[in-house]
Amino acid sequence: MLFPLYSLQRGGMKRIYAALELVFWRFFMMLWPWMRWPRATAASLRGDFWAGLTGATLVLPQGIAFALIAGVPPRFGLYSAMIAAVIAALFGSSWHLVSGPTVALSVVLPTVLVPYAVVGSPDYIALSLVLMFLVGAIQLAFSVFRLGALVNFISPTVVTGFTAGAGILIIFSQLPDFFGVQLPRGLPLLDRAVALAEALMWTHWPTLAIATTTLAVAVITRRLRRRWPYMLIGMLAGSLLSLAMDGAAHNVAMLGALDLQAPLLELPPLHWQTLRQLLPAAVAVALLGLINAVSIARAIAARSGQRIDGNQEFFGQGLGNLIGSCCSCYVISGSFNRSGVNYDSGAQTPLAQVITAVLVAAALIAAPGLTRHLPLPAMAGVIMLAAWNLFDIPRFKLTLRTSRNETVILLATFLSTLLFSLDFAIYVGVILSLVLYLQKIAHPMLSGVDFEPLHRKARETDPAFTPPLRAVRLDGSIFFGSMEHVRSRLAELAAEREGRSLLILAEGLNRLDIAGLEMLLDERKALQKNGGDLYIIGMKPYLRRKLQHSPYWEMLGGDTHLFESTYVACREICLALGIRNYRGYMKYLFRDYNKL
């Protein structure tokens, strides 16, 4: 009975009810995020319709092309753009993010699944569904446990390096269809390049003509009218050229009619052995998909003014992948190309993606045999263009010129993508990001304040003068991971500048744990042995309040040694140390002191 009475006396029940209400409200909004959508108006519905129509013209060729890259039937790409993408849109945070099949995830699929099944085989397709199920479950777990902030610690440079490497792999994978030559599957990149160079003498010229025409028309269309469906126009141009030259009679490979059987509503075959084999790759794919989706959502939100909830976006992506695995889809993420076009076309809400899905379904029902005369070299042309779009050359240049750490991450991820398996490349980038981040926070900046001009004047009048104070500016955190660096840096600064006592300017101190407090306590004891002391000024209010409720407050000197960031506090320290010219010290400690 004591605990309830105590809780009631302290208003504990009110806090419990408030916490439960907050949890319920968050859970409710996670399941029904469309409650936050803008109110529908005639203008917003019109914008959503035109954006949905534009999106349909984009996703029709992309869904088919990306499915071919992934090694799954073309209908999987279209179903992913209709079913999984709509689920992700309805339950995500962004109003403009367009999910669905993407080039980056499509190229990952074969490299992950080839060790276990032949590309395109029934076993391969079943494994792709299991992988999608695992990816969705992992992403949902990230959302439920509110781990959205973890993605912030992974550098966007990982995605830049990975997608650039994936673009090269995709281009090389499509060159046989582009030139109409035969190459063995599964060759490493360098071996494939050598084999292709040897096979070019057998180039099939009608195939090359169709592929080149498709690529040229798509590129020119994009340059002239960026909002036009340039991939679709390029494919139409290649198909018309194929019909004009009777491509089938000249042995030009055709895609054939789509097998548009209804998506199977059933769980993928979830066997323990399969789940265990695919789990490491699923974690890598889930991370890549989340980083990609959240970065795109935030980039568009910077233009639209919307605030993005990372955990809600994780929920939408995870639910889309989880449900999609039961509906003949394959792994989805955010598409930068389609998301940008969606926003520029006037989309106001995720209703635009529902309209896209309806229009794609209507087109497939009305004309299911449209792809019967679609030449594979035309598909190769648009796929190579999509792969080229993965190269973010401006960001590459900016990274190389700006940051050494980011350059290491970029090049390591890029080269790993080309030389090793793609899931391994993702792990390389993610681990490097975390290692360099931890290295950064484990090395806070400590710089000494130069009082030498004051001390030089004091020695002119008193040759026996001993500097009473030295000061250090601290920016960063003092915790178990940075403790030794701070200790060694303080020793270096003590050797450079004289002073019996140490003043730490702690305006930049962000975190202080028990290990850090013990280190400061040891520093104070060492100073006291030499007749000095330790003073800290400018600690952030929340750190100061936390410290006041611990025994370390008195152990470090309490109110006479731990001050707020005021000039009065600094004056008291100087007077306590017998420093008469405290204004001279304050001039060096506070850059804006002379303005007062």
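Glycine is no exception: its Cβ is also placed from the backbone N, Cα and C atoms.
Automatic prediction, not curation, is the source of TrEMBL annotations.
Of all ranges given (49-70, 555-576), TrEMBL attaches the label transmembrane segment to 49-70.
Confidence across the domain 'STAS' (472-573), taken as the mean pLDDT and rounded to a whole number, stands at 86. Contacts between the transmembrane segment (49-70) and the transmembrane segment (199-220): absent, as fewer than 3 C-beta pairs lie under 8 angstroms at sequence separation of six or more. Residues of the same chain lying 6 or more positions beyond the ends of the transmembrane segment (199-220) and with a Cβ under 8 Å from any Cβ of it are 176-183, 230-231, 233-235, 237-238, 241-242, 245, 247, 250-253, 375, 377-378, 380-382, 384-385.
Taking residue pairs at least 6 apart in sequence, the transmembrane segment (314-336) and the transmembrane segment (102-119) share three or more C-beta contacts under 8 angstroms.
Mapped onto DSSP classes, the domain 'STAS' (472-573) shows 52 helix, 25 strand, 25 coil.
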